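Engineer: The following feature annotations were taken from TrEMBL:
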- 16-262: domain 'Nodulin-like' (DOMAIN)
- 345-550: domain 'NFD4 C-terminal' (DOMAIN)
- 82-99: transmembrane segment (TRANSMEM)
- 111-137: transmembrane segment (TRANSMEM)
- 176-196: transmembrane segment (TRANSMEM)
- 216-235: transmembrane segment (TRANSMEM)
- 241-260: transmembrane segment (TRANSMEM)
- 351-369: transmembrane segment (TRANSMEM)
- 375-397: transmembrane segment (TRANSMEM)
- 418-437: transmembrane segment (TRANSMEM)
- 443-464: transmembrane segment (TRANSMEM)
- 476-501: transmembrane segment (TRANSMEM)
- 521-544: transmembrane segment (TRANSMEM)
Amino acid sequence: MGFGRSSSSSSSSALKWLGFVTAVWVQSISGNNYTFSNYSGALKSLMNLTQLELNSLSVAKDVGKAFGILAGLASDRLSTPVILLIGCFEGLLGYGVQWLVVSRTIQPIPYWQMCVFLCMGGNSTTWMNTAVLVTCIRNFRRNRGPVSGILKGYVGLSTAIFTDLCTALFTSDPASFLVLLSVVPFAVCLTAVFFLREIPPSTTSDEDNEESKYFAVFNIVAVVVAVYLQSYDIIGIKTGAFSIAFASILLILLASPIAVPFHAFIRSKEHDEQDVEGRIDEPLLRSGSEIEVEETIVGAAAAADNELPPSLKPLNNEEVENHGNVVTTEKKRPVLGEEHTIMEAMLTVDFWVLFVSFLCGVGTGLAVMNNMGQIGLALGYTDVSIFVSMTSIWGFFGRILSGTISEHFIKKAGTPRPLWNAAAQIIMAVGYLLMALAMPGSLYIGSMVVGVCYGVRLAITVPTASELFGLKYYGLIYNILVLNLPLGSFLFSGLLAGLLYDAEATPTPGGGNTCVGAHCFRMVFIVMALTSIIGVGLDLLLAYRTKGIYAKIHASKKGKKSSGNLR
């Protein structure tokens, strides 16, 4: 029996980390929704589009996120491999048709059909992200901040990964870029299908400490990848043998986290063998006091994350009245920190404060990403790929650092996560004002600032939603919040940026238009800066309303650490 448990424990730990590695790979290629600026110029000239029509295409791409509700509903009914398969096949079709058009393999299709395929490409990532986030947060539920930061960080890096690989191998050819977007995610998801699945989470403080060490390794590797990508952009040598060497090293760096599950397997096997040898000297029967102490510690650990089995949970949501032999229960609305259905969550003020503040951050940030190509051209830059890549890389730093830092301050002082959103929103407003002034170098600074703050919003909101409304229906709640992406794209990119740009632009022969100068997007940036200030107020309100929840989380983590030390 002892050896059976040893083998099972070793393989379970290794499989959990192998699943996380494949999740990182999936996230490394699932940010293709943010790469529109890399080939939008080709679509605009090929289809003779105005800026409003081009921005409407970007909105169609982001509307695909709205159908992420389907992925959220499916996450409670379908297995992780099935969800991944749906996403990769949909992405292959959506981006594959775009490649056929841009490469002139087929004649340009009608505008509405192009909208449909862009929507499919955008929706494919919701299936990938849902499968990855829901599964990994459930597998590592006591380290939600680092999990969210690492996974969302790689989503941010994926734009730079695609952009720099295409630049190195294909000299920024839009058609080749779309080949990468359609084929690479398909292949990676097919690999993840075999390894990404739910594994029982850690139950001891030793396992929690081990998780923290492994997450530190993932953070280090991710930072190395980000710095490597940024260095390639700065050096500027993007042809010949140097580019091939760059691509080869990048692929090796992305593959390197595979060492973690191998190390976890060896470490778990050695640990389990020591336990088996130690159990020889253990008495078959333990005293009642020892059993009572162990049950107390296990109970405290489970209560720390709302994981007590139903039979042991306090009846927070029910009033039980015993009339003879009849027991009746009256359902009460759950409080923050308990499991919510989607309807129960949407009936709370806190959900809508989180929703609108998220819109103020990601909606405006997405408008910059969708229009980065035209913003750069308006300010006189001929090659805008560096700004797309910089936004991606600095978005990574925002995601990965905010997830880890916010988790640290919760454990240390019970600091509410929404406070970090408020800080990011203030900096984002400053970034928009800098781009509105259009001083020399302001686009470099602005792309870095917007990238960082956009990343913080995504990485902080993901664990915040799970902490306020629970994990049981998290897949659907997450995808309801993600509706802000198509909504924000429509409001700030499709309407605001599209209409104001066209009002300043000069028509060109064939039906398109162009605009050169700082005035093209100045009013857009000013409006988005004001929107960010509104987001600051909402984030501060949410931080105030949830400070009690984070105080309880802090106390439970501190209690769990103390019980682990006693053990």
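Glycine is treated like the rest: Cβ placed from N, Cα and C.
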Engineer: Which of 82-99, 216-235, 241-260, 476-501, 521-544 shares the most C-beta pairs under 8 angstroms with the transmembrane segment (418-437)?
Structural biologist: 521-544
Engineer: Would you mind listing the long-range same-chain contacts of the transmembrane segment (176-196), meaning Cβ under 8 Å and 6+ residues beyond its ends?
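Structural biologist: Here the qualifying positions are 15, 18-19, 21-23, 25-26, 28-30, 32, 35, 38-39, 80-81, 84-85, 87-89, 91-92, 94-96, 98-99, 102-103, 121, 124, 128, 131-132, 135, 162-163, 165-166, 169-170.
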Engineer: Which sequence-distant residues neighbour the transmembrane segment (351-369)? Criterion: at least 6 residues beyond either end, Cβ under 8 Å.
Structural biologist: 34, 36-37, 62, 345, 375, 388, 391, 418, 421, 424-425, 428, 432, 435, 446-447, 450, 453-454, 457-458, 461, 464-465, 468-469, 480-481, 484-485, 487-489, 491-493, 496-497, 524, 528, 531-532, 534-535, 538-539, 541-542, 545
Engineer: Considering every residue in the domain 'NFD4 C-terminal' (345-550), what is the mean pLDDT value?
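Structural biologist: When the pLDDT values over the domain 'NFD4 C-terminal' (345-550) are averaged, the result is 87.
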Engineer: Would you mind listing the long-range same-chain contacts of the transmembrane segment (82-99), meaning Cβ under 8 Å and 6+ residues beyond its ends?
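Structural biologist: Distal contacts: 26, 32, 39, 64, 71, 74-75, 105, 109, 114, 117-128, 130-131, 175, 178-179, 181-183, 185-186, 188-190, 192-193, 196.
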Engineer: What parts of the chain pack near the transmembrane segment (476-501), using Cβ distances under 8 Å and only residues at least 6 beyond its ends?
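Structural biologist: Same-chain residues near the transmembrane segment (476-501) but 6 or more away: 51-52, 54-56, 58-59, 61-66, 68-69, 71-73, 75-76, 122, 126, 130, 133-134, 340, 342, 345-346, 354-355, 358-359, 362-364, 366-367, 370-371, 374, 461-462, 465, 469, 515, 520-521, 523-524, 527-528, 531.
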Engineer: Please figure out which one of 111-137, 375-397, 443-464 racks up the most CB pairs under 8 Å against the transmembrane segment (216-235).
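Structural biologist: Answer, by Cβ pair count: 375-397.
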